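Shown next, in structure tokens, is the structure this report addresses.
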Amino acid sequence: MLPPQCNGGCFCVSGDGNPKESSPFINSSAASDAEKSQQYDGKNMALFEEEMDTSPMVSSLLSSLANYSNLPTGSKEHEEEENNEEGARPSKKPVKAPQLGTLMGVYLPCIQNIFGVILFLRMTWMVGIGGVFGSFVIVFMCCSTTMLTAISMSAIATNGVVPAGGSYYMISRSLGPEFGGAVGICFYLGTTFAGAMYILGCIEILLIYIIPQAAIFKIEGLEGAEAEAALLNNMRVYGTIVLSLMALVVFVGVKYVNKLALLFLACVILSILAVYAGVIKTAIDPPVFPVCLLGNRTLLSKGYDVCAKVIEIDNETITTKLWRSFCDSESLNATCDEYFTNNNVTEIQGIPGVTSGILAENLFGNYLEKGVFLEKRGLASDVDPDSPITSSNRYVLSDITSFFTLLVGIYFPSVTGIMAGSNRSGDLRDAQKSIPIGTIAAITTTSTVYMSCVVLFGACIEGVVLKRQVRVSGNLVIGTLAWPSPWVIVFGSFFSTCGAGLQSLTGAPRLLQAISRDGIIPFLRVFGHGKANGEPTWALLLTASICEIGIIIASLDAVAPILSMFFLMCYMFVNLACALQTLLRTPNWRPRFKFYHWALSFLGMSLCLSLMFICSWYYAIVAMGIATCIYKYIEFCGAEKEWGDGIRGISLSAARFALMRLEEGPPHTKNWRPQILVLVSVDADQNVEQPRLLSLTNQLKAGKGLTIVGTAVQGTFLDNYTEAQRADQSLRKLMEMERVKGFSQVVISSNLRDATSHLIQVGGLGGLKHNTVMVSWPRNWKQPEYHQQFRNFIEVVRETTVASMALLVPKNISSYPSNGERFTEGHIDVWWIVHDGGMLMLLPFLLRQHKVWRKCKMRIFTVAQLDDNSIQMKKDLITFLYHLRIDAVVEVVELHDSDISVYTYEKTLIMEQRSQILKQMHLTKNEMEREIQSITDSSRGSIRRKNPSASRSQHSAEEGTSVAERPEEEAQLIHSKNASTPTSPTSPTSPAGPAGGAATWTDNRGQTRYMTSMRLNELIMKKSKEAKLVLLNMPGPPKNRVGNENYMEFLEVLTEGLNRVLLVRGGGREVITIYS
């Protein structure tokens, strides 16, 4: 029935005001002690009498369940110089102090790396397809991303010294080796594919604009897919050749690359200036750049000599080359293409100039499918929609299917390169001053150039010209705008792409070498080696091989989104690193650059993530998959590094937050899991004596709860601290060997009893405390030298009971399986006598999640008494297990008074008579030891023969000898010796004054308990002798310490003959529920 205060609802409020889910399992009716005593008196459950005061019998539990229907609806100081294993190598020459300033060290390298092939080859096409407005949005979004990243990078770069390694160093030291390694590899791959993109751009300029005759696969005369395939094959062949030459240059000496860098930079700046000069010139004298249109369709320049159908020569009308292209003969009455006949030919100016007002026409985009005619807006065209398209090879067609996200992916590489300054931090005179100023100034300059170019291209160039991706009249589109000559742009862009490709092939191997030398990715260590001068030979070879993959792809438009992914991921984690450091308020976070904010960093991170999926969602998933694989590889196989990173800081903050949340109240039954405190003992060498306890703990950890392995060291903290440290190391080593994830704890105290009590009291932190204690059954507890052990054991039982903790006591722990063993068959038997909150049900379920016990079947035995309906109990139990979603075989075992065998009864009498005799004996220590030995030698094993007649004859022959048919008289003798003298009126062993609970363990009630133990043991042996594991309710300890020995004896009798027994004592709360 439900408690009165619940009113039939699904939640009730306890006295402390905390809402608790009402349970159908607990009978909350108030019964007086006298009624309870009468209810259980004379029953065979006397061993668990104290348990039944607070825990219901299984029969009443199942009855309550069957009647319950109101179900609720769900209630190291910078890594000690990078852990330099090789030591400092003696330098042959004195090291020069770094001399580079902001201009030469940061600003110009960033300018050179940011301006690149996209500006010259794809910017005009992007403006034509996306329109001025759409292109401006793309440029602004990409430039804003890099600016926000630069602000975050400046904060990180000025927060201490940044050695060579640039972005990899900053990310790894801010986010830890896992993130650092993953993002470092992504940045390396991005730089490598950038080299491939620059080489492809170089080859495109060479074969299309400079020396078209050099093509191995001839393009002239080919149309459509054939021409495209021939171009890609040329790119592959020449790209491989150029890549080999560049790799050879880098291998011979990077100093030559550095010497040419200034020349390449001059080419870039000169080309951009030529474009601006050409724009100014268009306002005064626009260049002659005619474009011929048929209707509103753009015609190929090679298809006509004069932009007209016919011309007048000496008053004679003569057809032109254009006429012959669309008609079947030169005559004026020839049959011509219908569209050619219906539309006029007009010639427009391809570059009307900045004052022409063409900007309004180019303001909005027009995305095209591949192979669609390039048409001029606002021009009339007479076309029959039903007529077939003919002579399409005479028109200018779109080169590629275009859409907004494609433009973003192709354009973004043109804003990368912002890390060039931070990568040179080791060469800067004042890195903390130069990096922020130089990088932000470079991004401001390049962003201004890009945005102005978008507007100026749209204001100067006709839309049908802008939309052409390849050459127009043999020149680059941007080249026709430049002044004084298009060749300035052609050669400037050619040398720019060559220089950028060399820079990529120089920087990428050094980045890989830095990652390899950190040692966080074991399989990359070979790439940390190089030539005698430190040049990364093996890393260069790998870089060239990966770069060749981009060359084989051959399409500039396909390679650009790939490197966009890797750069965006790198920038995203730079922003994340800055945001985390700022929000966590790490004491070491003191950047000199003050113009940053965590909101800006989060905005930059969000932009990076958005751009990744805008550019290409499948490339984004692949890039994230690569980074995730590297992250997990470093986590499991990489070297342990403690870099004081932000992830450790966020872990501490998250742990503190979670612990504070746990303080709000106890967990719901559905969230309950065993948080185990494992009490182990250590020997004189501080080695664990019961290692199989940790094996069992590992097998129980399917619940993924807390594990604390604790032990005690006797002595004082000052004298025994070293021993405690050794014990802690021993615990950690064993936990690692047994794969137990948890914590170790060693307590030093003047005696082991207090130390164990301290562990139980103070283990855990805040709300993350243990709710279950596991302790091994005391070995050889009957021998005098081990008496203190079993007394300590019983105190542990008492303390866990008071603290409402569950208790697990594995007996014969050495026979339990190790984690490497497997049971291919067998049973886990549960003897469910009293309901303890469901621990007996939960533990087998957790064990069977482990591979050791996975193939074992679960059987549940429960005991029915004379007045119980066994058939109904079985049905109710099956229903209960069904609701618990637990598969098990159910059996109800009947236990009646008439089943008490003669053997059991006689054995009980012998034990009681022996106890009374020993209480009256007053022996000296030597006499006691002699008595123990004589009794033990004369009667060892007599009762184990299971011969009642022999037992009775032995008893009648000599009472003093028959008392000792089992060795437990040793415990009784030691107890009588250590107890108060019988002459004392207050002696707990005095017959005149047995106090409280002592009587229930030493008087006639003890006979009933002993008979219960014997009978239950007979039943368990009969049913579960071959079981792999037997789980059994553990009765509570005596309230008075006088009955300690009898309590141990009862438990010994209860579990006698069983190989593996796990005694389970619940903590007084429900741990398993039928609710979802």
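Just so it is clear, glycine is given a Cβ too, placed from its N, Cα and C backbone atoms.
Owing to the predicted nature of the structure, the values given are computational and were not obtained by experimental measurement.
Annotated compositional bias 'Polar residues' per TrEMBL: 20-32, in sequence order.
Among the features that TrEMBL reports, compositional bias 'Low complexity' is placed at 979-1000.
Taken from TrEMBL, the feature domain 'Amino acid permease/ SLC12A' applies to 106-279 (among others).
Taking the domain 'Amino acid permease/ SLC12A' (397-677) as a whole, pLDDT averages 84 in the prediction. Taken from TrEMBL, the feature domain 'Amino acid permease/ SLC12A' covers 397-677 (among others).
TrEMBL lists 691-808 (among others) with the feature domain 'SLC12A transporter C-terminal'.
Annotated domain 'SLC12A transporter C-terminal' per TrEMBL: 823-948 (among others), in sequence order.
As a summary of secondary structure, the domain 'SLC12A transporter C-terminal' (1011-1076) carries 28 helix, 10 strand, 28 coil according to DSSP. Per TrEMBL, domain 'SLC12A transporter C-terminal' is recorded for 1011-1076 (among others).
Look at TrEMBL and you will find 20-44 (among others) tagged as region 'Disordered'.
The region 'Disordered' annotation in TrEMBL covers 71-95 (among others).
Positions annotated as region 'Disordered' by TrEMBL: 932-1007 (among others).
Residues or ranges marked as transmembrane segment in TrEMBL: 196-217 (among others).
Within the same chain, residues 195-196, 199-200, 202-203, 206-207, 214, 216-217, 498, 501-502, 505-506, 509, 535, 537, 540, 543-544, 547-548, 551, 554 sit at least 6 positions outside the transmembrane segment (237-254) and bring their C-beta atoms closer than 8 Å to a C-beta of that stretch. Taken from TrEMBL, the feature transmembrane segment applies to 237-254 (among others).
Marked as transmembrane segment by TrEMBL: 260-279 (among others).
Annotated transmembrane segment per TrEMBL: 400-420 (among others), in sequence order.
When Cβ-Cβ distances below 8 Å are used as the criterion, the transmembrane segment (440-461) is approached by residues 102, 106-107, 110-111, 114-115, 119, 123-124, 127-128, 131-132, 135-136, 139-140, 143, 146-147, 150-151, 154, 272, 275-276, 279, 282, 350-354, 356, 358-359, 362-363, 414-415, 418, 421, 477-478, 481 of the same chain, each at least six residues removed from its ends. Residues or ranges marked as transmembrane segment by TrEMBL: 440-461 (among others).
Cβ atoms under 8 Å from those of the transmembrane segment (562-583) belong to residues 145-146, 148-149, 151-153, 155-156, 159, 167, 170-171, 174-175, 179, 183, 186-187, 189-191, 193-194, 197, 409, 412-413, 416, 419, 550, 589, 596-598, 601-602, 604-605, 608-609, 611-612, 615-616, 619-620, 622-624, 627, 646-647, 649-650 of the same chain, restricted to positions at least 6 beyond its ends. Annotation comment: TrEMBL describes 562-583 (among others) as transmembrane segment.
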Practice problem: Count up the helix, strand and coil residues in the domain 'SLC12A transporter C-terminal' (691-808) according to DSSP, in that order. | Solution: 62 helix, 24 strand, 32 coil
Quiz item: Is the transmembrane segment (595-620) close to the transmembrane segment (400-420), in the sense of at least 3 CB pairs under 8 angstroms with a sequence gap of 6 or more?
Solution: yes
Practice problem: Report, as numbers and ranges, every residue of the chain located at least six residues beyond the transmembrane segment (595-620) whose Cβ falls under 8 Å of a Cβ in that stretch; write 'none' if there are none. | Solution: 141-142, 144-145, 148-149, 151-152, 154-155, 404-405, 408-409, 412, 561-562, 564-565, 568-569, 571-572, 575-576, 578-579, 582-583
